[in-house]
Every structure is written in C-alpha cells, then in structure tokens.
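Asks: Pulled these features from Swiss-Prot for this protein:
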type    : residues              : note
DOMAIN  : 1-243                 : domain 'tr-type G'
BINDING : 10-17, 74-78, 128-131 : GTP binding site
Amino acid sequence: MKIINIGILAHVDAGKTTLTESLLYASGAISEPGSVEKGTTRTDTMFLERQRGITIQAAVTSFQWHRCKVNIVDTPGHMDFLAEVYRSLAVLDGAILVISAKDGVQAQTRILFHALRKMNIPTVIFINKIDQAGVDLQSVVQSVRDKLSADIIIKQTVSLSPEIVLEENTDIEAWDAVIENNDELLEKYIAGEPISREKLAREEQQRVQDASLFPVYHGSAKNGLGIQPLMDAVTGLFQPIGEQGGAALCGSVFKVEYTDCGQRRVYLRLYSGTLRLRDTVALAGREKLKITEMRIPSKGEIVRTDTAYQGEIVILPSDSVRLNDVLGDQTRLPRKRWREDPLPMLRTTIAPKTAAQRERLLDALTQLADTDPLLRCEVDSITHEIILSFLGRVQLEVVSALLSEKYKLETVVKEPSVIYMERPLKAASHTIHIEVPPNPFWASIGLSVTPLSLGSGVQYESRVSLGYLNQSFQNAVRDGIRYGLEQGLFGWNVTDCKICFEYGLYYSPVSTPADFRSLAPIVLEQALKESGTQLLEPYLSFILYAPQEYLSRAYHDAPKYCATIETAQVKKDEVVFTGEIPARCIQAYRTDLAFYTNGRSVCLTELKGYQAAVGQPVIQPRRPNSRLDKVRHMFQKVM
C-alpha cells in the first residue's frame, strides 16, 4: 500500500482543522466529525488550540483512500510558528493549502504559499466555505492567480444557486496552464488536433510533482462538499519522496512532544527500510537506540504496532532522541529541502508568582524548549533569573498561556527586548602576569582576539602546550573565556571572533585551575577594550506587497524604520519591494503599512542574520559578580 504524508496549511479560521475532520469522516476513519467549537477535534490536542480555534503545534492523524494510506500532519497556522511549519514541511510528500471563499487570499496565505514554493512542496489548493453567503468565487480565483501563482488549473465548475453543484471541469481551456508549458501539447492545441485526457493527466501529475502547477478544488469542509474529489486528487497526484524499495533503514525526527503524564515522545518520518519492534538502530553520530515501543497513526487514531514501513510516521518514546536526529543510514535521506532555522531575536525574564513554584517552572520551560528549537531557557549564572529567548511576541503569549493552562503555573513576565550581540573591531591582545599588581591570582594569561566575518561565530585555539599546562588548567581558561564572552563592552554576548590562548604561566604547587578560570575573563575584557567592539543587531530580509497607489509612501517611509529597499517592481496593480530591516523595527513598520493601506499590504520576513546596529548603542547593564567585580575595578584603575 502506498503511504503518503501531507500537510494542511491555511490562514487562521480558513477551516483546516475542520477539513481534517471531514477527510477522516468521508474516508470512514471516524464515525462522526469533530468540532472546533465543541473541542472534539483530533488534531488540536492542546487546550490552548481548542480554546482559540487555532493550531499551534503539529499533530498527526491518518485515513485510507483507494489503497493509499494518507498521514495528515496538521501543520501550525500562526505566523509566529513558521519554524515548526518549515520543520513539518520537510517531511511532506504534498500539501493542501486552504483558502476561505469568504476571506480570500490573506497575508498569511501568501506567507505559507511562499514557504511551500521555497521548499518545492507539491500543493493542491482547496477553496473552502463556498456555502457561505456573499462569496465571489471568480474574485477569489483571480486573487489566487494574482497573489499566489498564475500556474493553476481549475478542476471543477461551481454553481451556487439555487443549490451548490460541483462538477468536473471538462473544458479544454481549463488546461491552459498545462498545455502552455508542453511544446508537444501546445502544437496539437494550436493545430486543432485532439489531445487525449491521459496525456493531459500525465503532464498535470508531473507538473504538480515538480511544484510548478497547482490544481484548485472547491468545497465546504463543514458540510462535506467537495471532499471526495479532493481525496482523489491527493491520493492520485502526490507521490512519496525518498528512494523507493530501499532496504536500509533511514528516518528523521521532526517533532518532540510531552504527554500529560510527562512522557517524552518523538515523531519520525521513515524514508526507507522497515522498522520493527525490538530492533536496535543507529543514531547518526551517536549511540544506538533499542526500539521497545512504537506507535503509528491509523484511521483517526494513534495505535501500537510491531512493524512500520517506508513512508510511515512513527511515534517513539525516548528521552535521548532529539529534533532532526537521523535513525539508520544518513546517506539515504532524500535531497535536503530548504528549511528556515532562525535564531531567537527577543528575550525576557520570567518568574513564578510564588518562589515555591520555581523548580516546577524550570521543569515546564525545559519541556517547552525541548519541543521548540526557537524557545531557549537558561538561568543567569549571577542573578539566577530565568531568561527566555524566543522569536516572536505571540510565541511568548502562548508560552505564558501554556504554563497557566497545562502546568497550572502563574508567572510574571517582563517586557521583551531585542537580543543584540558584539563583535571585535580589530585584532588585539593582552597579557596579565602573575605577581604583578593588581593581579591577585596565581596565574599568568595572555589572550589574542581577532574579528571574523559576520555569522562566523566564536572560534577558540590554545597555543599553550599541554605538556606545560595540563588539561584541567586549559579547561579552566576556556571556561573563563566562555564566561567572559557573555558580556562584552556593551554588556552583550561577543561573537564572530577567534580567541587564542597565547601564553600561560603557573606556580606549582600554589596555582589552581580556579585561578586561571577567574583571571581569563578579566584578560579577555582588557583585550576587547584594546580592540573595541561593534554592536550587532538582528536583521530581517523582507518582501513587501502593497497596492500600487502606495508605492511612493511605502518607498519613502522605509528609512524611518531603518529599512533598506533593494529592488522594486510593479506587477499589475501591486508594487513589490525587497529589502532588509532591523528586527526591532519590523512590528512598527508592519503596523504603519497596515494602517495606511487599509490592511492590503503583506510583508514576508526571514531572519537574515546579525549586522552592524544603527543608531545609538544599546547598553545592557552588566550583571554583578561579587567574586570578580572588585578585581575588575582594580584593573580599570591601573589601565
């Protein structure tokens, strides 16, 4: 039996969860469709998802149709959760993009379609809610052509009055997008020769598989209209990715979750081979894993199984397997699709309302960070504050709600701030010698600092022989440098540089690793002062769509938000800008655009990386260290 994995993507309230329920019901997987309003759906598993009627994390369910098993990964639909959308898309064989007939193509529809195109995911478009009063299907289809792609094929004729009737579109003109891109078919069409439906269907399937043609279907998920033709299209057009018939096992982890009982589970896409209970499989670059239990989606449920075949999604209990881990033969992974893996851009401090809940809060945040690579949790080594780093404000709102609803924790969250970084301006070095005041430590350390290109990260090299200074002392120096890099001259993490341990001296037996660990950050700070540092801030690349009448204002307003316009094009009644903008300015820029365009602008953004900060430096207060601050001040007086 063929197994395919599909995703359902849509703007908020377009009906993708309802569509999932309708697919399960029409295929016979369930006896009654669930309701978003009643909280009985099978894919919105989190209380917050059911409460708000939006999907936050990807869930998996399944149905069978025409000897094909279809696993549905119900991908998230909120803009702050695109990272999980991209991660889920990487395991898909195809996608259904849902558009509300009432609302048409929305800003988020364009963002999601942009991601599908970027990752070359075969996609079928489903125009939902055609039974609502006042819909204009011609206008919706035209907006699909203008704002998404002209390479669409309308698969049905739709009559809305006196009752809704959906019929297969047999008009040869409906196949224009197929015929125009095939020389043989185009010659026959121009010559007036007949073209067989089989040839058209083969060309359609090839184009869909290449993600260069997008069939459009209509219906109403809530009332079951147009669902069977959609299932026929999905099972007929989409083909499983990966090497077919491969014997060697290969699978990739795309999701981690915790059950209400605290059990950790991972979701694995099996690209080749067969996985059996009690197998021992290799984790790429790590230890082996014994399969003691596994589950798969089946007919609307998650069931235990002894065997999982190529193409399947497997759910394993595991405390050690991580996101993106590869089980089995890594060389059999299909050609890697593009996938965004942005860094968190914002951070804040979070605390429980009562001190007694601190450990519970840390445990909960550790679980949440384990399931979301864009959420990071750490405890400040000096102030002991809990620091959260994240991508967007709505993400923080959801974390707070989850802590309240799922973990029963009430928290106090400070206003988020942008995460800046620092980079040395030039090569510099500094040495502090043993027994030379004001050095109170039994250690001599010399460090050099060299700036690297943006995005390089931190490199470290020890040029002091292990034969002279043993490993415990060397490790202490590196630990001290790591601590020193946490606070540069402006108080932010230092990056994009190479640190070399050039010189070390110790006195036996009085010198200890602690002396080297304490002195290293002070030497590093002095080297950075000689170098100077450049403040860096996160930048986003953007694509802006706005009505043509706002071309001048959109262009001339960009510098107000430190945005740079790189290209400008006029397409029909729309202007398209590309450029870059500091992350701290994007929310205000979007708000202003939405205001003067009456909500008709769309701004797609992706993290570009860190660049030189614009404007006055943002200085972060230095975190106190009672052990080292007195020594630092002594050195500042003599330097």
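Heads up, the Cβ atoms here are built off N, Cα and C, so glycines get one too.
Would you situate these features in the structure and describe their surroundings?
Replies: Counting only same-chain residues at least 6 apart in sequence, those with a Cβ under 8 Å from the Cβ of ILE130 (GTP binding site) are ALA101, LEU137, VAL158, LEU160, ILE164, HIS218, GLY219, SER220, LEU225, GLY226.
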Asks: According to DSSP, which of helix, strand or coil covers ALA10 (GTP binding site)?
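Replies: Note: ALA10 (GTP binding site) is in a strand by DSSP.
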Asks: I'd like the number of other C-beta atoms within 10 A of the C-beta of LYS16 (GTP binding site), please.
Replies: 27
